[in-house]
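According to TrEMBL, the protein carries these features:
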- C:150-185: domain 'Rhodanese' (DOMAIN)
- C:20-39: transmembrane segment (TRANSMEM)
- C:59-80: transmembrane segment (TRANSMEM)
- C:92-111: transmembrane segment (TRANSMEM)
- C:123-142: transmembrane segment (TRANSMEM)
- C:154-177: transmembrane segment (TRANSMEM)
- C:197-218: transmembrane segment (TRANSMEM)
């Protein structure tokens with residue numbers, strides 16, 4: 001079964017590399033959304049520094065959401081999902097493998113781009129490490145929750161909007177603690193409690209989300 | 001298809017006395033009873049041909065047989081064991097060729113086939129089997145070509161190659177001849193004959209006029225009238 | 001178990017129960033409103049604005065209660081493939097969404113005189129807001145498919161996923177220090193609220209519950225009839 005999961009991750013990574021534009025688009029969106037804010041709230045450095053963490057998190061969250069709709073959709077439409085379900089891996093494992101590949105191809109570039117954007121948003125350099133750490137702990141949770149949503153809307157009319165409606169409210173806890181971690185480091189408070197909360201959310205999502213996504217895929221195939 | 005191109009196939013599939021049967025099956029799609037009271041039995045080496053008009057539930061029966069969906073009533077058994085009790089084993093022994101061909105345009109022909117073989121746990125001779133499968137359906141020259149360049153018929157042949165690239169005793173084929181030219185159709189017949197000779201079972205959705213004379217036929221229009 | 005699978009059985013019993021439940025609901029609401037608005041004393045700190053509580057608190061309870069019922073019915077629908085359970089979850093969702101909305105609006109109205117603001121982003125309010133979106137998501141998802149059964153099953157999975165929010169709402173006031181006051185009725189060492197206020201609160205809560213069950217049965221009936229119409233039309237189309 002591990003070989004089968006490895007095969008899925010390998011195939012999805014290869015597909016993402018071949019169609020490199022798709023994951024690049026998420027990063028471009030992320031950059032654009034962040035660049036809009038200095039125009040929206042004014043370029044005063046102290047204003048930007050105060051909202052930088054929130055802007056970065058919200059933009060990263062929306063960028064990750066953009067590509068989620070296609071997570072299972074392509075495999076669902078071309079019949080691959082049927083064949084995956086008929087293979088040795090159970091549906092939760094298939095969902096987990098595809099979510100892992102999605103995280104590697106969309107969230108990792110976002111995390112890499114985040115410090116650069118933090119720089120132009122005037123976030124104090126002392127907060128960079130906590131920003132990256134919070135993103136590393138928080139974005140997998142976003143992908144896992146998003147994976148459940150993507151599996152639920154398979155075959156729905158207007159799946160994209162529906163996906164946002166389902167998933168964004170569930171993103172709120174990650175957003176709260178992700179921003180709080182960066183904010184705490186900005187004013188010199190302890191960052192660990194917030195990071196621990198993010199880690200706890202990740203653990204809960206790791207345990208529950210693949211099962212829920214698997215159940216949703218089962219409904220989609222039936 | 002030449003005999004040598006099937007050299008990598010086993011002479012005998014594991015379960016030479018397998019019996020695949022359904023009893024009193026009913027299927028519901030979108031709140032509508034598609035068919036009910038349907039029963040069938042196929043033994044190792046036999047083929048069952050499903051015919052009937054559009055919407056009579058042939059493809060739905062194939063999905064029930066694959067274990068992708070559950071019957072509203074009745075049960076499906078493999079050697080008297082319900083397939084729902086050990087779905088992993090059931091999935092391992094079947095190939096499903098549906099209407100969609102499950103081909104990724106960005107991957108080459110070889111990579112497409114290789115992924116499904118590896119996913120199904122292909123053994124050490126996987127690459128030899130893949131080469132044989134491609135040869136059987138005359139795709140060996142296109143092995144390194146990205147699948148986006150394939151024509152409709154070539155895509156169909158590529159998805160049929162999955163049958164030969166990893167062994168399975170039960171073949172479930174949904175209108176496999178759609179889009180195939182005469183040569184490819186002959187290759188399919190040869191593959192089916194070899195599969196049955198080795199003790200395999202095939203369930204094939206076909207149009208009434210072109211089923212092989214020796215196969216058993218399940219006519220859905222008759223089932224519906226009777227049910 | 002028969003109620004889970006047999007629509008005719010449900011129809012027969014609910015037709016009998018609906019008038020009684022309707023009458024009971026009206027009586028209880030009238031009694032509850034009398035107790036809440038006239039018979040009970042004003043609070044020594046909050047004055048008459050405390051009376052918002054008699055709507056706000058039962059509505060908030062019902063928001064959670066309906067979600068729990070919806071999740072339980074969803075689980076039953078998924079596990080036993082019971083169409084009646086699926087329909088019950090469908091019928092509960094709009095009722096729960098309405099109670100959540102009432103709880104949010106009355107809370108906001110009560111917050112203005114008490115806290116000086118319509119809204120604060122504390123854990124209780126945020127988690128109830130998420131509950132509202134979960135209800136909306138459930139309703140939207142269950143109507144997003146051409147095959148209603150598919151939508152119901154997808155929504156059922158969502159209801160179960162969203163259930164993690166219910167304990168968060170319940171304990172949010174204990175886990176985080178918030179403006180919202182902690183539980184004062186349901187607690188281990190007995191209620192900390194005065195009996196003259198507890199009585200109208202409980203009557204209103206029972207009235208709201210009756211209202212929910214009444215509405216559930218009426219909606220269940222109409223959903224069953226809807227399903228029959230659908231089946232007839234499908235038969236027309238497919239012969």
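Please read every residue number as a count from 1 along the shown chain.
Yeah, the Cβs are placed from backbone N, Cα and C, and that goes for glycine too.
Note that the coordinates shown come from a computational prediction; the quantities given were computed from them, not determined experimentally.
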Candidate ranges C:20-39, C:123-142, C:154-177 - greatest C-beta contact count to the transmembrane segment (C:197-218) (under 8 angstroms): C:20-39
Stretch contact, the transmembrane segment (C:154-177) with the transmembrane segment (C:59-80), Cβ-Cβ under 8 Å, 3+ pairs: yes
Tally of DSSP helical, extended and coil residues in the domain 'Rhodanese' (C:150-185): 24 helix, 0 strand, 12 coil
Taken over the domain 'Rhodanese' (C:150-185), the model's mean pLDDT: 83
